[in-house]
Every structure is written in structure tokens, then in C-alpha cells.
Amino acid sequence: MTPPRSRVTGAHLQQYDPKEQSKREQAALSPGHRAEGFEKPTLIRRLIGIFGGLAASLLVYFIMPGDLDVWLRLTAATAVLMAVWWMTEAIPIPATALLPLVIFPVLVPDEETVTETIEDGEIVEAPSPVDVDVIGASYGNNIIFIFMGGFMLALAMQRWNLHRRIALLTLRAMGSKPASLIAGFMIATGFLSMWVSNTATAVMMLPIGLSVLMLVRRILAGEDPVAAEPESEEDEEDEEVSKKEAIKSNFGTALMLGIAYAASIGSLGTIIGTPPNTFLVGYMGNEHDIHINFGQWMLVGIPVSIVMMLICWFLITKVVFRPEIDDIPGGAELIKSELAKLGRMSQGELRVLLIFILAACSWVFIPLGTDLLIELEALDEDAEPFIDDAGIAMAIAALLFLLPAGGDTKKGVRLLDWEAAVKLPWGILLLFGGGLALSGQFGASGLSDWLGEQMEALGGVPVWILVAVAVLGVLFLTEMTSNTATATIFVPVAAGVAMGTGVDALVLAAPVALAATCAFMLPVATPPNAIAYGSGYVTIGQMVKGGLWLNIISVAVITLVSMTILVWVFDLSL
């Protein structure tokens, strides 16, 4: 056997290991050289997206009537370009959101944006709507801070395992019947996704669901249901077998899909639950002076969530994937054992829970209290709450950074630190800003009014038909695109169409925002779907089978709620 080669380094002899040398060479490379490349299909898709988006935007610009302002046509072309780039991910989605900062200040003629105002009795030029500082203000809109504060609260819940305790307590209360257990998973997932991102909620609930599936497999195989989780190679093969068995099992399929679907459905209930809701609130406040507070949205979103959750549970457990077992012996013990692993509630966990309750109550009751005081004539009719939703969100975030965790934690540990906070999805915040910047140009350039004028012919069409068609179109489009990007493009368009047909903008804009989150058919539609599919326990065919029915039902539910509860809450005209 040939001995390993050696070389002299300094004053001593060192064994030469080619693998170690390769690692050192890799470490010496720049991060750019170490970055992984993309598969050929991805590269082709991106190239098609880049050039296809540019071609489509130019086509829109030149096909529109020439007597329209350059600003208006440029806004339409930019919307198409951003839509194509978002859908194909030609460049990173947050990077596309920065385009308004470049396109409008550079390409819009100055003479089309000159506006005047009176200051101290003198006529002076007002800031141009296409100035970088004006467009840049959209990236610091107050609705972005609501989302930021809500996400920091969610990160604190995850940091102290509060979200896991809430989920397990819900499951313990539901018993061991398969349908009841699935309901428990859906309730816990839906509630958490109102406050925590639906992706994080699905990621957290999935391992608990997998533990239940492994328990069921062991019971059906006549094995010890409380045996420790296996770790050998044979056990890994065993897990693969159980995945294949679960795919054939209605219970396994229903459980995994229930978690994925509930994560999306629950997020409809609050402003911070899903990005399309957040974008809608920001857009309506900026462009239409319709200010939607947390409590008002919950009056609309929670009924949609509850109805959809009930229908979803009934559909997957009683119709499409009816479980073939009647009881899960040991299911309750498994949940109890998971709770036991968490131990007693720590001081940090308790303090985050109290702050969570404070945040939820403040978002709901401060606006309601202000309205009540106005009704009692204790405040003027135009009085505003002493702190708005964004202020509450930032106050809650500040508390999380200020308050010590206490208990048995080390000195100086806070409920939330910056190391945890940097996990916040900053790209989503840029996406919000880009969407608000683009939608602002819809109104300022006159594109919204022009779209409305083109739709005046639809004035005789019943409003409920317009709502249903808009929801149907967006719902199936978002199966293949980012729900936030879809809402960013189509909420302003829907508002313009609504105004052109003589109804309030919110009548069409709100259903479009809700529909953007209701994608249940494909793994690429939304992260919870992808997580369920990626677990290996659900096939695309099974997801389409259950999701198609839910998509169709979503059209009916969103349309019905929009024509009734939405109109009542916001006193809209049809």
C-alpha cells in the first residue's frame, strides 16, 4: 500500500490530504465563486421572463392610444413588466419591486408632472409625484411597519416555543378521533397563521402531524405505539415505507392537506396574516382615503376564515379523503408526551403570551373604543385613535426588545434580540413598498381613471358577477404566481374597474386581495402547499383533487361575504 504523500511546511512534516487541500481552496474563493448555479430549465425560464417582460411592456406602451400621456402609458407598461418578472422570477422578486424608483423618475417627462400649490400666499411648485423621495416614501408606508411589528411578535412566539404550546394544547382538547384530530390541527394552524406567517406555521405543525402519522403506522402494524423514534438506516427505510403507505391512506393525506390549507385560510383573518391583506390596507389608505383598521378587517376576514375552515374540514374528512380508521389509540398520549417535553411555561414564554394578548386587544379595541366615545359625543366626530395600528405594532416590538426574559435564563437575555429579528422577511417589505409605489402611479398618472372609463360599458353587469369573475381569475392565476405579486398588480386594476362601473373601489379590491391567498391546487401556489408536498406524504394529484373543489368553493364564499359583510362593515355603495 502506497503511503500518503507528505510535504514540508515550515519546520515540520505535514501529511498531505487532497480532500483537505480542496476544502482550503474552496474556502479561499470569494462568496460569488462559491455560489451555486441554476439548472438549465431555471435559466431558460429567467431569460424568457427578462426578454418576454420587456417585449410585453413595449407592446403595451405602443398599443395604447397615442394621445394619452407618456406617464400613463409608462405606468401601464411598467405594471406589465413587473408582473411578468414577478411571475417568472426573472430577477429576485424584491429586486423587481425596486423598479419604480428607477423607471418613473428617469423616464416620465417633467412637463407632465408639474403641480402647483399655495404656500404663504405664493404659488410654488409641489413635489413631483415621480421624484425619488416621493416614490421612496412608499417603501416606508405605515402598513409596512404593521407587518414588521406583527412579524417580530411572531418571531418572539417562535423563540420561546409559545406557538408550539398553543398548537399542542389545541390538539389535546380535540381527542383521538381522526376527524376530530384533523380539526384540531386545522384550528391550531388557522389560529396561529392569523399572527404568525403561514409558512412558519406550516413548518411548525408539520413535524407534529408526522409524529401522529408514524404513530398510526406503528399501531396498524401491531408495533409498540409509544416506542422511541427510530434512528437507524433500517428505520429510515421504515419511514420511507410509511410515507408510501400514508399517501395511500386517506387519513395521512387529509392531515397533511388540512395543515397546508388551514395555514392559508387562517391567514385571511387579520391584516398581518397574509401580505395581500396588508397591501390592500396600505393601498386603500393611500389612494382612496379608505382607512381599514385591524378590527374592521377582522369583521370581514374571520367570517371568511371560519366558513372556509368548516367547508375545508368537511370536504377533506367526509367527502374526498374520508379516513379509513375510526380511532387512534395512543394519540392522546403522544400529544401529552410532546407537551411534557415543553415542560412548564417559562417566564419568557409567559411574558410573550401577555404581550401577544396586549397586541391583539389593542389592535381590536382601541379603534372600537374611539368609535364608541365619538358615538357618546365624548370626542369630536373627526377624532382619531390616540395610537394607530402601526404605532401599536412598533410599541409591541419595542417591548419585546426591552423586557428581560426573566426566570432561569441568563442575565441580559431579552424576549427578542436582533439576532432573531434579522430573520424577518425583509424582501417581503420591499415587495410591499414596490407594490405601493406602483399603485401610487396608477392614481397619479390617471391610469386608474382611464381603466375605469374603459369599463363603463360593464356598468349594467350585476356587481356580484363582476366580483365572482375577478375572484375566479385571480384565484387561478395565483396558483402559478406569488400571491403578494398578484395582489400588487391586480388590486389597483380591480379598484379602477370598480370606479368605472360606478361602485366603491373596495367592493372589487377586497375580494381580489382575499382571492390572492386562496390557492389550494398546486405546490407552487403557496409555501404551505409546497411544505405539505415536500414532506413526501402528499402527491400533486391528491392536492389537485382536494384543491380544485376548495378553489371553486372559495369563489362562492368570497363573493357572498363581499356582497354582504364587506358592504355592511364599510357602508359601501353597490
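Even glycines carry a Cβ here, placed using N, Cα and C.
Taken verbatim from TrEMBL:
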COMPBIAS  17-26  compositional bias 'Basic and acidic residues'
REGION    1-32  region 'Disordered'
TRANSMEM  43-64  transmembrane segment
TRANSMEM  139-157  transmembrane segment
TRANSMEM  178-196  transmembrane segment
TRANSMEM  202-220  transmembrane segment
TRANSMEM  251-274  transmembrane segment
TRANSMEM  294-316  transmembrane segment
TRANSMEM  350-366  transmembrane segment
TRANSMEM  386-403  transmembrane segment
TRANSMEM  424-445  transmembrane segment
TRANSMEM  457-477  transmembrane segment
TRANSMEM  489-522  transmembrane segment
TRANSMEM  548-570  transmembrane segment
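Between the transmembrane segment (350-366) and the stretches 139-157, 251-274, 424-445, 457-477, 548-570, Cβ pairs under 8 Å are most numerous for 139-157.
The transmembrane segment (424-445) makes no contact with the transmembrane segment (548-570): fewer than 3 of their CB pairs lie within 8 A, with pairs spaced 6 or more apart in sequence. Contacts between the transmembrane segment (178-196) and the transmembrane segment (294-316): present, as 3 or more C-beta pairs lie under 8 angstroms, all at sequence separation of six or more. For the transmembrane segment (548-570), the residues of the chain that approach it from at least six positions outside its boundaries are 261, 290, 292, 296, 299-300, 303-304, 307-308, 311-312, 315, 319-320, 463-464, 467-468, 471-472, 475-476, 479, 504, 506-507, 510-511, 514-515, 518-521, judged by C-beta separation under 8 angstroms.
At the 8 Å Cβ threshold, with sequence separation of at least 6, the transmembrane segment (139-157) lacks contact with the transmembrane segment (457-477), having fewer than 3 such pairs.
Long-range neighbours of the transmembrane segment (294-316) within the same chain, counting only residues 6 or more positions beyond its ends whose Cβ lies under 8 Å from a Cβ of the stretch, are 179, 182-183, 186-187, 190, 194, 253-254, 257-258, 261-262, 265-266, 268-271, 273, 277, 281, 363-365, 367-368, 389, 510, 514, 518, 546, 549-550, 553-554, 557-558, 561, 565-566, 569-570. Residues 142-143, 145-150, 152-153, 156, 271-272, 293-294, 351-352, 355, 358-359, 362-363, 366, 370, 414-417, 421 of the same chain lie 6 or more positions beyond the ends of the transmembrane segment (386-403) yet place their CB under 8 Å from a CB of it.
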